[in-house]
Each structure stands twice: as structure tokens, then as C-alpha cells.
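Everything on this sheet refers to the single structure shown next.
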Amino acid sequence: MSLWKLNKCIFDKSKTVVSSKVPQPGSKLSLRRNQTEVQNPPIGQSFNKDSTIDAADVKFFSQRMKEWWNPNGEFRLLHSMNLIRVPFVRDGLVSATKKDLHPLRDKKILDVGCGGGILSEGLARLGAAVTGIDASKELIEIAEHHKHVDPKIAENKPKYIHSTVEDHAKSTSNFYDGIVASEVIEHVNNQELFVKSCVHALKPGGRIFFTTPNRTRWSQFFVIFFAENVLKTIPQGAHQYEKFITPNELTFLLERNNCHVELTYGVTLNPVTGQWDFSQFQHLMYAIQAVKLS
Amino acid sequence: MLSNSVKRLFVRQIKSSIRTTSVRSLSAADDVTILTKPSENIKGDYDVIIAGGGMVGCTLACAMAKDSILSNLKVLLLEGGPDKEYKWKPEYSNRVVALNQNTKALMTSLDVWKRVEKMRLQPVRYMQVWDASSDAMISFSSSELLDDDVAYIVENDILLHAVNTELTSTDNNVKIVYDAKIAGYQLPKQDNSTVKSYVQMSNGDTYTCQLLIGADGANSAVRRAMGVQYLSWNYDQMGVVATLNLAEEYTNTTAWQRWIPTGPIAILPLDSKRSSLVWSTWQDHAKQLLKLPEDQFVDALNDALWKQYPRSGSVETVTSFVSSWLRRAGLPDGAARQLPPSIRSISPNSRAAFPLAFGHSTRYIAPGVVLIGDAAHRVHPLAGQGVNLGFGDVADLTKFLSNAMYSGLDITHTDWMSKYESTRQRHNVPTQVMIEMLHRLYTVDLMPVVLARSVGVQITNALQPLKKMILSHAAT
């Protein structure tokens, strides 16, 4: 009964927000975002249409400094997610004809919203020249500090920059072989500017990778309510439903920015084994790979 | 989930059988101690140490040398025996293994198979298993199984030599230490990739490694150092082996197995004139058989192959009834059978016996340690599966470890290790249970049991898809 009430309450709140699932060409996608922010001022206090930073989210993750590198701590799902997203990025950038220890050697990768550097280090282990950027100064410090811990990346430490993607892209147009935004786009303001800036920094022919929750009732229930309040596998308040983006919307944004979407996978977590897997089921979370056309 | 329920079922069956069979506890270390303080005399630091240079251990080392990723690892293979020169002999060795298609695929990928083919092997194209206590029989022929051979009979020496030659023929990442007498192990207590395993030799040398692989056989000292539960019992049976000379020369590609009340007798083809014997029987009987003069042994063997054992009338009635129904339905009724060969003599001094036992390690992995082959599982030789399960371990371990490293994971990462364990146990445990059930079913001579198994075998033999399923499980 109470569950139903709660669901109803969430449903009512979000009903006003989502007007159209697929934006029409020419319409301003960030309109939906603007509406959200106006309705819920506490989240987007610092909202600025020229910036992708959501100050509240940046603060939220910065406060959890110490937890970042505990593989069994609050961010354990991000650690275990490396088991599928590192191969996802690897296989998108290189073909597996001849396997060796550093398949991503000579590949320049930008990890947008790198946080504590969990994914950046995972990619650096495969030989990639990784640049991690994050809007949080504290998180960049954690990442900077931690990159000296793992001897496997002693020769190939990632470079971390405290910056936003739109600022970073100004100096690095057509530069990277791969851009990764894993579990990030659901935390940014102005997703249109975010995607545009990411693609700007990407070389023609380079690949861009996203992993993010879908905006469905499934993800609202499991990713937000169930994972945060019942399982407590995700810190409370980590996600807002309104900020989730659907695969269609993200595909649309990418294709409008001269990219061709090559792959869309569902991403699911096995609740028993705690292992991530790619699947057909895209209603919870998904991964997208796109190539930048010349 | 599935493997857990299978495991639970398995444990229950074992618990009930423990009362009736003698259980050998291996928990207390016999000669190998668990080190508390490793000596400071570190002789070498390796990524991987493989303890045990038998067929399975050597094959793993060879696979690690061939894999494009695993060849980056520094591997040490510790072999207890000396580096003996292998000499090809015209006489067959009395210890042979039956290799399935999966093992052939593994050996082919390691370039070992062509070496074996160059030396000696015999394909099995037809297999006939029949019961002495009834008319029931089951046959498998290669034409039923994707037009491929059912199995290959290879001498242990030849296989080991082929793997060893392939391993040492090129300069690679594997170092082999022969005459390695291991005094003890110190294993990391918890999951922490920075803590190494110590392997202390009896001469005082110590080696360290990140990943220790126990390929040291059924009495595995690595397994004891891991402190995992090991379920085991003796069958009070021994396998008597010998090389047989056949009375007549023929295209010898049939494997024969007759179940007599004391256990199965298997005749495995070697060439047109010779076959290899594996006669599983009670310990006293086995010892008796070893002591017999060779001509009397041959008589006893022919007797066991041909003798009419007393049969129960009701079993006869029911089996002939089932056959007639199968015939009417147009299914094979098992009446068309081949006759087993007569044995003329045995090769001088080729008789030997080895004890048969069952063993199952509840865990195949611990932090920084993995068990493969007989160290993890041991079965009755009645289905010729033991070493194939071990080679399956090698294939899967190589695949998972290589994938993990290709994804940038540590070589002791729990993800690949638990994948290895669950994949292998999901395959090995059901196989072990099946073999154990067959063994139990056929060591009884009680009328209802004979009846049930005979009808079961008759029907299985008639149902082609079921036979295919059995063969395809045995082939992987």
C-alpha cells in the first residue's frame, strides 16, 4: 500500500516534467531541463544555461571523497562496472584480432566526469593515454592522489584536469580517439551542450561511449528507489529521475552532432552475483557507442 | 543457483554414503607442512607457479606459453620427478587415457596433437557397453556423433612427452624445475593482490608468486594448504591394467566395456593386434589377479569377458519384452551386437594395479590459488573422463585468465577466478555424480536393480537423441 502511494507520488511529480520523449528537430532539448530546474529549485541553484555543471551533484559526490577507492564501499558498483565498461571501450576502439596486454596503446581517451578515476585507471592499465576531467576539484585531487598507488600504471598515469567538458573542448578540438562519459550525463545540466562539447573534442572517426540509466518507470523504481533505499547499493540522492535521458534522446543528440550510433546495449546487474552484464533489456540502464563522422 | 542446488544434492548423497564407505580424511597434513614463516632465501619471484608437472600441469604451462597474453607472464613449473629422456618403444605402455573431442581441440590448438599423431594413437569409432547380468547393452558409434571419432586412446607417456616437447621446443616464458621437492606453502590469507604465495622447497629454496596453481594430483598438498573441504572415499577397488595381445587381427577401433558383478572391464584399442585393459575389481581380487601366472590371468580375463553369469528369470522376461516392443516401434532393440575380441596373451610384465577413489574439492579457488585436474576432482575410470575433466579445467582457466588480463585485471582478480570455479564445477560435478551413480548401479547384483538398469539401458540405447546428449556431454 505504502509502496503504491510512493510510486504514485513519484509518478505525479514527474508527469508534469516529461512532455515529449523524443525531441523534435530544431526544438530546444534543454527546455525539459529548464522546466525541471524551475520546478525544483534546490537541485539546480547554480543553473546556468552555458554550463554543464550541476553544483548540487558536484557537491554530493565531492563529499564522499574517502569512499571512492574502497572497492567494497559506497561506489562498489562503479568498481564492478569496470568489468564490463573497460572491455566495452576497448572493443569499440580496437579489434580483437591480435590480443596483447596493452591493446589501447597509442589511444588518447578523455574520461569526462572521471570522479575519483576508477574508469580512468582501468583504461590506463590497457595502455591508453587517459585524460580525466571532472567539475569537482576535490575528486580530481583524489584521482591525482590515487594514480600513484597502482604500480601497473606507474609508466602510464592518467592526467587529471579540473575542468568542465565545454572548457576543455575549446583547447582540444578533434583531438581524442575516444571519449567516455560513463554514468555522467545523468548528472549534468544542459545535456545538449554536454554532448556537443564531447563530440567537439573527438577526432573524426573516433568513438564516443556513454553508459547511463534510462528514463523509465523501471529505472525510477530500481535505480533510484530500490537501489538507494532498500539495497543501499547506491548512495541516497545520487540520482534524480528528471535528469535521466532515454536512448532515443541521446541517439538524437549524438546524430545531430555528426555522430553515427553504432551500438546500444542494455546494461543489467545480476542482484545475486553482483555482476554487470550487457543484455537486450534497455529499460534500466544502457550503453551507447557512436562514431564521429568526418 | 543451479550449481548450488546440484552441490547440495551431491552433498546429501555423499553424507548418506559416508556411513557405508570408508572416508579418508586428508585434512591433516601428512608430509607437507603449512609454513608459518617462509625462509628468507628467495630463489625467484614469478607471476604464476604451477605445482605439479603431470599431464594437466604441463598442458597448462604449454597453454600459458602459447597464449598471446599469458605468454607475458613469468611462469614456473615445479615437477617432482626427474627430467627423464623419453625413448619411443615399440611396446605399448600399460597406462593409457581416452581423450575426448574437447581435449583433442585443446591439444590441436597447442600444436601438441600433431606430435601425438606422429607417435601413436588409436581412434575409437565404436563403443559397446554391456551387462553380464542381463541382455541389456548400449552402443555408441562415431557415425552417430557428427561423423567424428568417439575418443582417442593415447598412452600417458606419449601425451606427456608430446606436451613437454612442445613446451621446451621454443624459448618461452615457462621455466621448469625438475626433482622439485616441495616442503610447504604459505598462501595469502585474504584477497589482496599485494600478498604473495610462498613455495618452500625441501632444499631451502623459496619461490614466490602471485598466482599458485595446484596441479599436484589427488593427494594435492596445495589443496591441503588451502584448507578447503575435500570429500573423498575409496572404492575398495583397484584398476588392473595390462597390454593385451588379441587372438585375431582386425580393424581394432572398438572400445569394449562389460559390467560384471565385481565391476567394469574395459578393453581399449591400441592397434590391430593389441588392446589395453582396465579391469576394475575389488582390492583382494585385484591383488590375486596380479599374482596369477600370465596364462592363467589371460584365462581369467577371457572368462570375465565371455562367461555367462547366472541371470534372473524375471529380468530376462522383462528385457525380452522391452526388446520386442522396441522392435515393433522400429527402434534398435540391442540384439545386433558385436562380439568382443578373444585375448591370446598379455605383454610380459605389463600388469599393474592402481587404487580407485572418488574425490571432490568443495572449492577450486582461494585468494591467489587455483586447483586444476585431479587436485580438484577425482573419478572412477569407468567412463574414461578423469583426465578430460582436467584438460577442460586447463582450457577454461586459460580462457578466463587471458580474458581478465586483456581487460586489465590482476591475475588474482576474484572475477575470473570465481567464473573459473563456477564454470568448472557446473561441468565437473554433474559428471562426477553421473559416474558415481553408474558405479553404484552396477556394483549391485540385486534383481530389482539389475532389472531397472537393464531396462534403462535398453531404452537409452533405443533413443538416438538421448545418446547424442550423453556423448556430447562426455565430449566437452
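Even glycines carry a Cβ here, placed using N, Cα and C.
Automatic prediction, not curation, is the source of TrEMBL annotations.
Note that this is a predicted model, so its numbers are computed, not measured.
If you look up TrEMBL, you'll see A:ARG85, A:GLY113, A:ASP134, A:SER182 marked as S-adenosyl-L-methionine binding site. Positions annotated as Mg(2+) binding site by TrEMBL: A:GLU183, A:GLU186, A:HIS187.
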*Express the distance between the Cα positions of A:HIS187 (Mg(2+) binding site) and A:GLY113 (S-adenosyl-L-methionine binding site) as a whole number of Å.*
9
*Among all the protein chains here, how many other CB atoms are within 10 A of the CB of A:GLY113 (S-adenosyl-L-methionine binding site)?*
26
_Neighbourhood of A:GLU186 (Mg(2+) binding site), C-beta criterion under 8 angstroms, separation at least six_ = A:THR212, A:PRO213, A:HIS239, A:GLN240, A:LYS243, A:PHE244, A:ILE245
*Take the C-alpha atoms of A:ARG85 (S-adenosyl-L-methionine binding site) and A:GLU183 (Mg(2+) binding site) and report the distance between them in angstrom, rounded.*
11
*asked:* Using the CB centroid of A:GLU183, A:GLU186, A:HIS187 as the Mg(2+) site centre, which other residues of the same chain sit with their CB within 8 A?
replied: A:ASP57, A:GLY113, A:VAL184, A:ILE185, A:VAL188, A:THR212, A:PRO213, A:HIS239, A:LYS243
*asked:* I'm trying to understand the geometry here, so how far is the Cα atom of A:GLY113 (S-adenosyl-L-methionine binding site) from the Cα atom of A:GLU183 (Mg(2+) binding site), in Å to the nearest whole number?
replied: 8
*Under DSSP, is A:ARG85 (S-adenosyl-L-methionine binding site) helix, strand or coil?*
helix
*Among A:ARG85, A:GLY113, A:ASP134, A:SER182, recorded S-adenosyl-L-methionine binders, what is the largest CA to CA distance in Å?*
19
*Counting only residues 6+ apart in the same chain, whose Cβ is under 8 Å from the Cβ of A:ASP134 (S-adenosyl-L-methionine binding site)?*
A:GLY113, A:CYS114, A:GLY115, A:ILE140, A:ALA143, A:TYR160, A:HIS162
*Name the residues of the same chain, 6+ apart in sequence, whose Cβ is under 8 Å from the Cβ of A:SER182 (S-adenosyl-L-methionine binding site)?*
A:MET81, A:ARG85, A:ASP111, A:GLY113, A:LEU119, A:PHE209, A:PHE210, A:THR211
*asked:* Please report the three-state DSSP label of A:ASP134 (S-adenosyl-L-methionine binding site).
replied: strand
